[in-house]
Amino acid sequence: MLVWLCGLCLVTLAGGRSAARLPLTEGRPTADFLPGDASLVEELLFGTGDTIELSCTTPGSSVSVVWFKDGISVDPPTWSHTGQKLLKIINVSYDDSGVYSCKARQSSEVLRNVTVRVTDSPSSGDDEDDDEESESANAPKFTRPEWMEKKLLAVPAANTVRFRCPAAGKPTPSITWLKNGKEFKGEHRIGGIKLRHQQWSLVMESVVPSDRGNYTCVVANKYGTIRETYTLDVLERTPHRPILQAGFRSNKTVVVGSDVEFHCKVYSDAQPHIQWLKHVEVNGSKFGPDGNPYVTVLKTAGVNTSDKELEIQFLRNVTFEDAGEYTCLAGNSIGYSHHSAWLTVLPPAEPVPDVDTSVSILAAAGCVAVVILVVIIIFTYKMKMPSKKTMNTATVHKVSKFPLKRQVSLESNSSMNSNTPLVRITRLSSSDGPMLANVSELELPADPKWELSRSRLTLGKPLGEGCFGQVVMADAVGIEKDKPNKATSVAVKMLKDDATDKDLSDLVSEMEMMKMIGKHKNIINLLGACTQDGPLYVLVEYASKGNLREYLRARRPPGMDYSFDTCKLPEEQLTFKDLVSCAYQVARGMEYLASQKCIHRDLAARNVLVTDDNVMKIADFGLARDVHNIDYYKKTTNGRLPVKWMAPEALFDRVYTHQSDVWSFGVLLWEIFTLGGSPYPGIPVEELFKLLKEGHRMDKPANCTHELYMIMRECWHAVPSQRPTFKQLVEDLDRVLTVTSTDEYLDLSVPFEQYSPACPDSHSSCSSGDDSVFAHDLPEEPCLPKHQQYNGVIRT
């Protein structure tokens, strides 16, 4: 039972356990515990199935009381009153959690407030076990209070909001979210909520004015409870017609009898009206006299239809009559939006007729005979090869064969062993030194799928070079197999005459890596190779607009603080949507590389190339990089190291994962929205190490929304596992791209000079910054100014 004795609150549970205890003061109760003072709210934690007894102390013994739960008078049959001053709750459950208060029946004065929280029942045990557990156990505490300093958050409608309460305790505490004092699970919120318990966060996408209020996180275990409250204010947006998420226009082709789903995600400040329509023909015509199409309504809003149900159109066991055009139509008081997709229904595949057994036996025997004949021919040919080779290379003093080992970033569970020889190269040279005196004397096995005759390749102007390799523009005839006479502009990677065996190994390794990765729109794809009768040429896609960093800098709007050429107008003015599109395309490319188990390790704007039609393509993902023998504090002869793009675990522990690539992607986002700015401008490398360890991060760029900056900060999470995946980044950026206006130009008053390096870039004669294709070390060391210049771009 529960009794009040001089300030002592002892709640007795079934079995005689004490759930919570308040301090006891000898003699008279202190002012904090006077019966008439309800300013103190006791918090009590119970397990499911317990029995709770709550008492209410009154000024006089004859005063009767009334009990309330969350402000509502309660008296269910499972509860009992003893003189109405003792409330007993039997076999408690989660629903019994809440704020209990008692009032004098003839008065509105609250005599007592008690918050009851019900969690999973702790395992029972003897007193000794409890004592041992209590020695190592502790109450919850917030682990990152600096993340919780901003208590008031004001955002425009349709943005994404995240509240975080990172905490720790033993046993691991639970977290519950309240909105305006009541438990909040988002059941009645359009779009719902995301509760990420591993990140101790509450996420609400596409917020609307009705989301305003106070949000409280309650973190508790059986040793204590802590809470923190945030205030959210949602600013009204300009009304607009419904916005339909990109991606619906995906035509479907299925076999008759299959099930089909069409999805239509709708964003609207005003309540939208959603309909699914199927286009039909009337008297052989698809359109009426007024020019509008004939349609039949498949699904529309109803009393018992939820928004989520309306966003999906199911077609069960489709027939040929179901084929045709389907449209999702969404409207509100401002206007209408619609997307359409086609459904094609195919007949089932005809079963293969049974073949006579004797015919099968004869066919099998014929195949075996052909295989045996081919083996004999190959064996005979191999036997004759040594004598021919000896005759052709009689003047060679030394023949050296070495296997090329993969040095690319593939995860250990890849289907290819990282030490598997990919290509065996015969080096024919009269020199015993380590240099290749004549690259043309190398012999590589031809790959028919990729081999291109040198006669069909016309080399053009140089595009860039490094210490050991160079890239030139060229015209290749016959790259497109279906157009054998068409010339295509390509970029050709090749070695210099003084390249070493390792340089050749790296270039061949990159070529083989690109073969294995496959093709994607947002990566630089392999087009072919010249491996016979001359030096090794690797043909890749040509990006006419150069790398993304210089592309953005060339398009900075002119202004009084423009630090480059104030007399030169930018080639074209970028909109905010253009920048989001750049980020989205790079995320798509990285999502594909991650799906192929490829870790880039040097993702930055300088390693993203831009084609003539503004397609972003990730480059240098197949490079061999020695990440274990680099001194990050020293400049090497191969250029500068990219410490400003590296995740802390890669920088300090040499650990490279997809999560470290996500960190680099966050820095690349910052580069995009500063139009090619240099990260951490004016921060010396030694100071940068210290700032990163202390949790400091770059501030929000001027032309970046709060939502996109939150994506950057998520990429820069100190714990790699709590950073978003590239798949999640693609989804987030797709949503941002969908709701972004196409005519939202950048703020011309922003001084982009603040994002420029504090000292000029200094390239060595062998800098790999321009030609990282042949770099053995990672390119680009941060610029080291003489004086620290923070420029207000570092924040905690």
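Each residue, glycine too, has its Cβ placed from N, Cα and C.
For the residues Asn113, Asn703, the entry in Swiss-Prot flags N-linked glycosylation site at a single position: Asn113.
Asn283 is the residue among Asn283, Asn413 that Swiss-Prot labels N-linked glycosylation site. Of the recorded residues, Tyr709 (phosphotyrosine) and Cys165 (disulfide bond) place their C-alpha atoms 19 Å from one another. On its own chain, Cys102 (disulfide bond) has Cys56, Val65, Val66, Trp67, Phe68, Lys85, Leu87, Val110, Leu111, Arg112 as residues at least 6 apart in sequence with a Cβ closer than 8 Å to its own Cβ. Note on proximity: among Asn113, Asn214, Asn317, Cys328, Asp602, the recorded positions of the record, the Cα nearest Asn283 (N-linked glycosylation site) is that of Cys328. Counting residues 6+ beyond its ends, the transmembrane segment (359-379) has no Cβ neighbours under 8 Å in the same chain. The helix, strand and coil residue counts that DSSP assigns across the domain 'Ig-like C2-type 3' (239-344) are 7 helix, 50 strand, 49 coil.
The glycosylation sites in question are Asn91, Asn113, Asn251, Asn283, Asn317, and the one with the fewest Cβ neighbours inside 10 Å is Asn283. Across the fold, the C-alpha of Cys165 (disulfide bond) and the C-alpha of Asn214 (N-linked glycosylation site) stand 14 Å from each other.
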